[in-house]
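Participant: There's a structure below that I have some questions on.
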Amino acid sequence: MAEKHIQAYKDYVKGMKYKDLAEKYGVSVNTIKSWKQRHGWERKKGAPIEKSVHTKKGGQPGNKNALGNNGGAPQKNQNAVTHGFFSKFLPEETLEIMEEIQERSPADMIWDQIQIQYAAILRAQKIMFVSDKEEMIKELKKKRSLISEVSEIEDGLVISFSTWFRYRLYSETNT
């Protein structure tokens, strides 16, 4: 059976028809068709049919309708954007940063976060340094001044931070 389909293929390539192959090898026409499909038989085909090639571009000769128009959409056109979520709500700088992040590996990003956290802890140490228990920091939050003909009055809201409060803020930022 294996040799039959090889011999039948050779005859098929020479141009024999299914019916003639079936009679010669003593099998049905459908068996010949299944061999053709199963083993991928193909005959050499003649010259391809030539198709006319469209060479002219644009309108009729002398037509000035689209003179100077190169076609296509304007620059920075967003017609091809699927939904535009990011470009609609995020500024271009943020989008550029996101594109650069895509190039970095997750391990590099984790290492950067560790370094940033460590730097923040060291900076907080310097800011939150307490020299003694009684130290107080006073900040002027609001300042209001009233100038009249008689005198000048200044009023301000002063906020004081005690040592224990600063230490609490410091420990909260480290967690």
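Even glycines carry a Cβ here, placed using N, Cα and C.
Since this is a predicted model, take the numbers as computed values, not measurements.
Summarising the annotation, Swiss-Prot assigns compositional bias 'Basic and acidic residues' to 43-53. Under the heading region 'Disordered', Swiss-Prot lists 43-77.
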Participant: State the non-local partners of the region 'Disordered' (43-77) in its own chain: residues 6+ outside its ends, Cβ under 8 Å from one of its Cβ atoms.
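Facilitator: Distant Cβ neighbours of the region 'Disordered' (43-77) are 12-13, 15.
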Participant: Tell me the residue counts in helix, strand and coil for the compositional bias 'Basic and acidic residues' (43-53), as DSSP assigns them.
Facilitator: 0 helix, 0 strand, 11 coil
